Structures are given as structure tokens and as C-alpha cells.
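K.L.:
First the structure, which I've put down as C-alpha cells, then a few questions once you've had a look.
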Amino acid sequence: MMSNLSSATEFCLLGFPGSQELHHFLFAVFFLFYLVTLMGNTVIIVIVCVDKRLQSPMYFFLGHLSALEIFVTNYIIVPMMLWGLLLPGMQTISLAACVTQLFLYLAVGTTEFALLGAMAVDRYVAVCKPLRYNVIMNSRTCIWVVIMSWMFGFLSEIWPVYATFQLTFCKSNLLDHFFCDRGQLLKLSCDDTLFTEFVLFLMAIVIIIGSLAPTIVSYTYIISTILKIPTASGRRKAFSTCASHFTFVVIGYGSCLFLFVKPKQTQAAEYNKIVSLLISVLTPFLNPFIFTLRNDKVKEALREGMKHCSQLLKD
């Protein structure tokens, strides 16, 4: 326990409970997920940049989404989590590193929400207004949408992180998590956090529900349009253009709604860890599979890329 007059300058991450053998097993599992995530999302970025058939707005947004997944997996959360599983004792993190990690984690997540909303609108234009698609979703529009998504993600999280670290952390410096989680930080504060938690709750509502709204509206129109297509093959083809994005939306928004949109930020640590694992490990891991296994263009580009690589190796 710490003095009531001082605030923590570093935190100890308790990480996962259990024996060292269990930690080594978890390390092996998460490291495998880490490698697959890194390779899969890198492959998506490369083929989107190289293959001319994938030079369209949907794949342009997908490339940025994969870059965000790599950012979360490779730089923000997973390396520290893996290192903590190998250490025999508790892992420490400085206050400055904790601020940086929390800000990047929230900013990248918010940027991802904005991009998912933009991708939903793109699918709406593709299905409902196909003749005007190239005019509406031109390259200039797509570039501005991506720039605004990144700016919105990073600017919108400045105040929440600033407000969190204006609190005095004097109860303890033990964080029951594998990274600097905001809910666990609020538990360590000896200040009255009720107002801060309420404002953070409202901001989470605005960001998540605000980016979900265009997705809901877009898919309402998309489903209505698809149901009007007379042939089953036509309906199947139209829905296949949206299936990958819709699947990712359900997984991404579902897990984040459980984690962030709640009046009380200081809920049970174990629940928090499980949902955080879904967001930082499982979702980035599934992203390459969701967007490739159900997409004929991407699968064809991958097959041709592998064939080209094998020919180069033979030569």
C-alpha cells in the first residue's frame, strides 16, 4: 500500500494467475496467435498494394484495418503480455509508458471503429447505388475518409486519457491486468471517480454507437435492396460482398460493447482480461481469415502470389 499523499510513478502488472508452467503454455498459444496475426495482416496489406484487382475502396480500407491490427498486436499490447508470461515475477511499467500504452490502445480502437463505419457506407454504395459507385467512392474521397478516421481516433482519446491520469493513484500500484487497463487504473485512485467514469461512459457511447449508426443504417438499406433482387444467385452474390465486413463488425463491436459501454468502469478483473484478450488477440487473429476465406478476389490474388513465389524459388 502507498502513502495517501503520494501517487504511483510506476505500476506492477499482475498479468495472468497460475503456475509458471501454465504461463509457458499460454505464452506458446499467444505467440502462435501473434505470428499468424502478424503474417496474415501483412499479407493482406501486401496483396492490396500489389494486385491491381484489389485497387478498390473496400480493399483500400481493408489495408488500413490490417495496419491497425498489426499496430495493436505488434506494438501496443501483445509483446508486453508475452514478456510478462515469461518473467518469473511481476512486470513493472512506468507511468509514462502506461499513459502511452493506454492512449495508443484506445486511439487505434477508435480509429478502427471509424473505418468500420466507412466500410459499411462503402458497401451500401456498392450494393444500393452501383452505377454511381466509382463517382461517389473515388480515390480522393477514400483518402480523406482514412485521414479523418485516423485523426478522429487519436484526437478523441486525448481528453479521456488526460482525465484518467489526472487522478491520484495512492491505494496501490498493483494493476490486476496484463496491460494498463483504464478500469483497473480507476480502482487504484483515491479520488472520487464517479464523475470521471460517467463522462468516460458517455464518450464511449458517443464513439461506439456513433460509429455503429452508419453501419446499422447502411445494412438496413443493403438488406432491403438484396431482398428485392429476384434471383437467388443474385441475392447470394450481393450478400457475399458484405458478409466479411458484417462478420467483423459483429465480433469487433460485440466485444467492445461488453468492455467499454457500461456505467461502472471498475468491474471484475477476470472479466476484463477475457474481453481484452478478445479485442487484442482474437479479433486481429481472425481478421485475415474473415476477409480472405469468403472473398474470391483475395483468394485468387493469394493463389497467384504463391504460384509466382514458387516459380521464383525454382528459378
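From the backbone N, Cα and C atoms, a Cβ is placed for every residue, glycine too.
So TrEMBL lists these for the protein:
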- 25-50: transmembrane segment (TRANSMEM)
- 40-291: domain 'G-protein coupled receptors family 1 profile' (DOMAIN)
- 59-82: transmembrane segment (TRANSMEM)
- 102-121: transmembrane segment (TRANSMEM)
- 142-162: transmembrane segment (TRANSMEM)
- 198-222: transmembrane segment (TRANSMEM)
- 243-262: transmembrane segment (TRANSMEM)
- 274-293: transmembrane segment (TRANSMEM)
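Tell me about the setting of these features in this model.
P.N.:
Packing against the transmembrane segment (25-50) from elsewhere in the chain are residues 16, 18, 59-60, 62-63, 66-67, 69-70, 73-74, 78, 81-82, 85-86, 281-282, 284-285, 287-289, 291-292, 298, 301-302, 305: each is 6 or more residues past its ends and has a CB under 8 Å from a CB in it.
Cβ atoms under 8 Å from those of the transmembrane segment (59-82) belong to residues 13, 15, 27, 30-31, 34, 37-38, 41-42, 44-45, 48-49, 91, 93, 101, 104-105, 108-109, 111-112, 115-116, 118-119, 122, 142, 145-146, 149, 178-179, 276, 280-281, 283-284, 287-288, 291, 298 of the same chain, restricted to positions at least 6 beyond its ends.
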K.L.:
Let me know the model's mean pLDDT on the domain 'G-protein coupled receptors family 1 profile' (40-291).
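P.N.:
Residues in the domain 'G-protein coupled receptors family 1 profile' (40-291) carry a mean pLDDT of 84 in this prediction.
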